[in-house]
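Data first, discussion second: the structure below is written as C-alpha cells.
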Amino acid sequence: MKVIISGGGTGGHIYPAIAIANELKTIDPTTEILFVGAEGKMEMEKVPRAGYTIVGLPVVGIKRELTLANLGFPFKLGRSLLRARQIVREFQPDVAVGVGGYASGPLLLAASFKGIPTLIQEQNSYAGITNKALARWAKRICVAYPGMEAFFPAEKIKLTGNPVRSDIQFADQQIEAGRELFALEATRPTVLIIGGSQGARTINESIEAGLQRFVDAGVQVIWQTGASFISRAREVVAAVGSPLVKAYDFIYDMDKAYAVATIVISRAGALSVSELCLVGRPAILVPFPAASEDHQTKNAMSLVKNDAALLVTDRNAREELITTALNLLENPNQQKQLSSQIKTLAKPHAAREIAEEVRKLTK
Ligand SMILES: CC(=O)N[C@H]1[C@@H](OP(=O)(O)OP(=O)(O)OC[C@H]2O[C@@H](n3ccc(=O)[nH]c3=O)[C@H](O)[C@@H]2O)O[C@H](CO)[C@@H](O)[C@@H]1O
C-alpha cells in the first residue's frame, strides 16, 4: 500500500502525521509512505528526523486578514498544484491523508482530482481553513472533538481523538532514561515547561522573571523555549548559575521529557493537550490567546471543566504562573487528583483507529 501524508507548518500538524505514519507501518511494515510539506517549513526538518522522506511544495498560507502578502497566493498555489499533481502521478498513492497546514491543500486537491480517496485529520475543536476547504472532496474526516458537524459533513466524521506518537504513550517506561538524558537527580521534583512547537513568549518571560524562585525551592527545571528565545534563556540560566535549570530550543525526546516531569507547564495546542492526557501528568495550561477563534482556550477548558488541569491565562501568567506551579508542587494530593482526572480523557487508540480508516479507503 502507498500513502501520501501531507501538511505541516507547526508541530501540532507534523507530529500527528508522524503518529499516523508510524501506526500504518506497525500494522503493515511494507506500507510505503511519502510526506509532502511546504518548502522552508518545520516539517522539512522534523519529518526526515523521524525517518520518513518528504518533498516540499512552493506554497504559502493565505492570511485570514486582508493583506498585500495575499497577492502572491494564487500564483504560488498554482505552482504548487502543478507540483502536487506531478508528485501524485509519480508516487501513485492508494490514498492521501491531510493533517492541515499549507501543503495539504494542493496535495489533497491533486489526489482527489485523480480519483484517489482522501482522509483529513483535524486536531482542534475549531476547523482550520485548509481542512474546511478540502472537506467536500474527503472520504473520511477524523476529528478529536465532538460537535465538528459545524464544519464538516456529518456522515464523513469519525471521532477518534488526536493521534499521538506511541513512544509518548509509553513515557512511563522512560523515567530512568529521561533522568540520564536531562542529567536530573531522582530525589528532586521536576517542572517541564513546554511552549508548543515554536515556544511561547509569555511563558518564557514569566519563567525568566521567576526562575530564581524554582531554584530556591530546589526544583529542577526543563525549559523548552522555542528558537527565538533560546539565546536569551541561556543568558538567564547562566545568570541564575544553578545546574538545576536546563534550557532547550526544541526537545526531540518528548517521551523522556514527560516521563521525568512532576508537573508540566504548557501552552494548550491540541497535540500538547492530547499528549498530556496520555502521560497523565499534572498540568498548568497557559492557552495562546491569539490562536484562531481562541481555540487553545477551548482545548484547555475541555480539561479544566473536568478538574483535569489548572489554567493560568496569558494575561495573568507573569504574576501567577510561578506561584501556581510552586503551590502545585507542594500539594501531592492535588497532583494525584489532576493526574487521575486527566488520564480519563486520554484517547490511546486514536492513531490505530485513524490508520485503520486509511486502510479501509484503499479497499
Ligand atoms: C500558535 C498556534 O497556532 N499553535 C497551534 C499549533 O500548535 P503547536 O505546533 O505548538 O502544536 P501542539 O501543542 O498541538 O503540538 C506540539 C507538538 O510538538 C511536539 N513538541 C513540542 C515542543 C518540543 O520541544 N518538542 C516537541 O516534540 C509536542 O510533543 C507536540 O507533538 O498547532 C496546534 C494543533 O493544530 C494548535 O492547537 C495550536 O493552536
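Any Cβ shown, glycine's included, is placed from N, Cα and C.
Curation plays no part in TrEMBL annotations; they are all automatic predictions.
Bear in mind that the values here come from a model prediction, so they are computed numbers and not experimental data.
Listed features, source TrEMBL:
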type	residues	note
DOMAIN	3-142	domain 'Glycosyltransferase family 28 N-terminal'
BINDING	Thr10, Gly11, Gly12, Asn124, Arg165, Ser197, Ile251, Ala270, Leu271, Ser272, Val273, Ser274, Glu275, Gln296	UDP-N-acetyl-alpha-D-glucosamine binding site
DOMAIN	190-352	domain 'Glycosyl transferase family 28 C-terminal'
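Taking a C-beta cut-off of under 8 angstroms and a sequence separation of 6 or more, Leu271 (UDP-N-acetyl-alpha-D-glucosamine binding site) has the following same-chain neighbours: Gly11, Gly12, Tyr15, Pro16, Gln123, Asn162, Val164. In the three-state DSSP assignment, the secondary structure recorded for Thr10 (UDP-N-acetyl-alpha-D-glucosamine binding site) is coil.
A C-beta separation below 8 Å, combined with a sequence spacing of at least six in one chain, links Val273 (UDP-N-acetyl-alpha-D-glucosamine binding site) to Leu285, Asn299, Ala300, Ser302, Leu303. Note on the domain 'Glycosyltransferase family 28 N-terminal' (3-142): DSSP counts are 64 helix, 28 strand, 48 coil. Around the Cβ of Arg165 (UDP-N-acetyl-alpha-D-glucosamine binding site), 22 further Cβ atoms fall within 10 Å across all displayed protein chains. Between the two most distant C-alpha atoms of the annotated UDP-N-acetyl-alpha-D-glucosamine binders (Thr10, Gly11, Gly12, Asn124, Arg165, Ser197, Ile251, Ala270, Leu271, Ser272, Val273, Ser274, Glu275, Gln296) there are 23 Å.
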